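Novice: Quick paste from TrEMBL:
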- 74-95: transmembrane segment (TRANSMEM)
- 101-120: transmembrane segment (TRANSMEM)
- 127-146: transmembrane segment (TRANSMEM)
- 166-185: transmembrane segment (TRANSMEM)
- 192-214: transmembrane segment (TRANSMEM)
- 220-239: transmembrane segment (TRANSMEM)
- 251-268: transmembrane segment (TRANSMEM)
- 280-299: transmembrane segment (TRANSMEM)
- 405-425: transmembrane segment (TRANSMEM)
- 431-451: transmembrane segment (TRANSMEM)
- 463-487: transmembrane segment (TRANSMEM)
- 518-717: domain 'STAS' (DOMAIN)
Amino acid sequence: NMMRAGARQYVVARPLYSEDSFNEEHKKVYRHHKTALDHVKQYFRCDAKRAKNAALSLLPIIGWMKIYRIKEWLLSDIVSGVSTGLVAVLQGLAYCLLASLPPWYGLFAAFFPIIPYFFLGTSRHISVGPFPVLCLMIGSVVTRLIPDEGPAANITGFSGLTVDEQRVLVASSVTFLVGIMQLAMGILQVGFVVMYLSDTLVSGFTTAAAIHILVSQLKFVLGLQVPGISGPLSIIYTLEIIFKKITSSNVCDIVISLVIMVTVFLVKELNDRYKSKLPVPIPIEVIMTVITCGVSYAFDFRTRYGIDVVGKIPLGYEPPVAPNLQVFQHTAMEAFPMAIVGFAVAFSVAKVYSIKHDYTIDGNQELIAFGVSNNFGASFKAFAASTGLSWSAVQESTGGKTQQIAGLLSAVIVMIVTLAIGYLLEPLPKSVLGAVVIINLKGMLMQFNEIPYLWRRDRPDCVVWMVTCGAAILLGLDLGLAVGLGVELICVVLRVQFPRCSVLANIEGTEIYKDRKDYISINEPEGVKIFRIPSPIFFANMDFFRNKLVEALGFNPLRVLKKRNKEHPRPGCVIKVKLRLLNLTLIINEKGFLNTTNGSLVDPLEDSDNEELDKPIDFKDLPIRIDWNAELPANMVVPRVDIHSLVLDFAAVSFLDISGLKGLKTLLKELVRVEVEVYIVACDPYILEKLHKCCFFDEEVQPSMFFLTLHDAMLHILEKHPETTESLQTLKILTTVTVHHPSGNLRSRDKNVSAEASC
């Protein structure tokens, strides 16, 4: 009657299955489970095919060179590489200010890391280079070891070096250590660690980094001399100094910065709006840089208006330098979050482009690629590289087909600037670089818009975002990331520890069971309770699971068991049952009634907490058995048990640890002892196998309580308790297997078995 018009339906007829009966009727395929030793042997096994795959995996260039289409892709890659190279030059100089280094070292960071990634990287669209968050993290380490005011850290390698050279040594050493960590994680195949950084956490962290970057660039935009400060509350102290000195701001720097920011912002908006019509985005940052350089040179901004400019840019590259081991000791704690953040950002961007353009990337190989890139770059005084978000966007939007070719061409553009025309950028005001950095923070700062959405959709995620962002702003990026990760893991644990358990009911006329609070047309057989556990059962949530089940049942089985054992006739114990007509107390032993009296006798179990009360009583040889569901005398206080069957839906239980296993067995025993039949349905085969291995079953808790599906268990219960005939009529659904298959063929492991299909 409830079937909607035109609805499709299926009818299946099969026997009622418990886990035991299903396994008896359907033979399982024997599967050999590999041991840890088997995995080790397989990992170190070597043959021609494995060696070839290892080479292709380690050097992805071999694979993509075979499929590279020169006529179709080369021109696009050239255009993309030139455009990306121009942006890389400007932003390399700008981001170098975040690292508290001389600007021209940004050209090294925009060149050297690209070369190893050309051979080792698996992403075709990300552009390797400085990333503002990483630059800022490096800058905090640099200013901590070599502050603007005060002595530098006591490191032997600093003797005889200028302040800039000391800072470059610290930055390159930290970068080398970051590369070692990334390379080690890649070799050990632990690229999955980045999965612990959720999108929400990364969003909150990068938003906080954007705030730090914004504050760090204010001194260039305002033309102020502000010392670099690192550590907790550094942003507060920096803002305090800026506000104290704000009256000394350089008006010319402010005007130039405002003009640059407004112009770049407007043109970028036009690029976004008309990107489908523009063959190449307008490189407004490069254009404004060239114009500003010309104006600054013509009007001599440096001497006439006191503007701080980029200054002398040495032509050519500097000789390689070895990392300082003492710097390793001072920066190991900061290097690890840099390694994680650098890889996480690059991998996230690479994953977006790989999905968009339908190819695969290898997380562990990306770790190796970035590790080698950072080690190689650090040897030539570059600082930590990840992916330039704006560079990658330019590379992808200008039609770049492969990162390897476009990235290599962008490196060539950077090399030309470094070797030949770098001197043309010497009159460039640093306020221009600061303005370029600030205007490129728009995307990260706009992430504040996620807060209302997260609050409406997922409040725990919103808490993670806000705590991560707040902690990173106040405590610094490294400690903020640690706090955010801790809060995220706590949220995950709490969600698993306190799941939303529910009582299910049958949807009338179907074999479907849903939360009884959500539907109107439901059927709940009398005396049956269906309880769903939507999470693993382990040491942390076992008590919560038990309490929720007791709440759903309406009684505590342990309390009922103790009360019954206390009130039930026992050999040598006083029966507290007073007969209704005669005020008699009966004393019973193994032979029957010993005597009767109308006096009051002391019950030896009255005030006892004997553990024997938790154990079941053998009723076989006792002359009296009490029906606990019948009406009891007024002075016999025993909680009622209104259900005869309990069904536990284990469909969402993914694992069960030893503590959960012990707690579950104790709970099942208590229920069985108060005469409640327990059935567990949809249990994962591996959990069931673990229960057998751990000797879970005994005389009370038996394998026969496990059923294949929830409906199988319900039909079994209703057949066993025919008093609920109405429920049985509603729930029992007639079935005959009718298979509709478009190809007319059915797959079977047994080739001798033929199957017919009706269409």
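Including glycine, each Cβ sits where the backbone N, Cα and C put it.
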Novice: Verify whether three or more Cβ pairs under 8 angstroms connect the transmembrane segment (192-214) with the transmembrane segment (74-95), leaving out any pair fewer than 6 apart in sequence.
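Specialist: No; fewer than 3 Cβ pairs under 8 Å.
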Novice: Averaged over the domain 'STAS' (518-717), what pLDDT does the predicted model reach?
Specialist: 75
Novice: Contact between the transmembrane segment (166-185) and the transmembrane segment (280-299) is defined here as three or more C-beta pairs under 8 Å separated by at least 6 residues; is that satisfied?
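Specialist: The transmembrane segment (166-185) and the transmembrane segment (280-299): touching, no.
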Novice: Six or more residues beyond either end and a Cβ under 8 Å away: which residues meet both conditions relative to the transmembrane segment (166-185)?
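Specialist: Those are 99-102, 105, 138, 141-142, 145-146, 152, 157-158, 191, 193, 321, 323-324, 327-328, 331-332, 334-336, 338-339, 342-343, 367-368, 370-379, 381-385, in sequence order.
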Novice: Excluding the flanking five residues on each side, which residues at least 6 beyond the ends of the transmembrane segment (431-451) place their CB within less than 8 Å of a CB in that stretch?
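Specialist: Beyond its ends, the transmembrane segment (431-451) has Cβ neighbours at 90-91, 93-95, 97-98, 103, 132, 200, 203-204, 206-207, 209-211, 213-214, 217-221, 223, 250, 253-254, 256-258, 260-261, 264-265, 268, 285, 288-289, 292, 307-308, 310, 389-390, 462, 465-466.
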Novice: If we skip the immediate neighbours and take only residues 6+ beyond the ends of the transmembrane segment (251-268), which ones have a Cβ under 8 Å from one of its Cβ atoms?
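Specialist: Same-chain contacts beyond the ends: 220-223, 282, 284-285, 288, 292, 301, 305-308, 429, 431-432, 434-436, 438-439, 442.
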Novice: Taking residues 6+ outside the transmembrane segment (405-425), which of them lie with a CB under 8 Å of any CB in it?
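Specialist: Beyond its ends, the transmembrane segment (405-425) has Cβ neighbours at 68, 73-74, 77-78, 80-82, 84-86, 88-89, 92-93, 104, 107-108, 110-111, 114-115, 117-118, 127-128, 289, 293, 310, 313-317, 391, 395.
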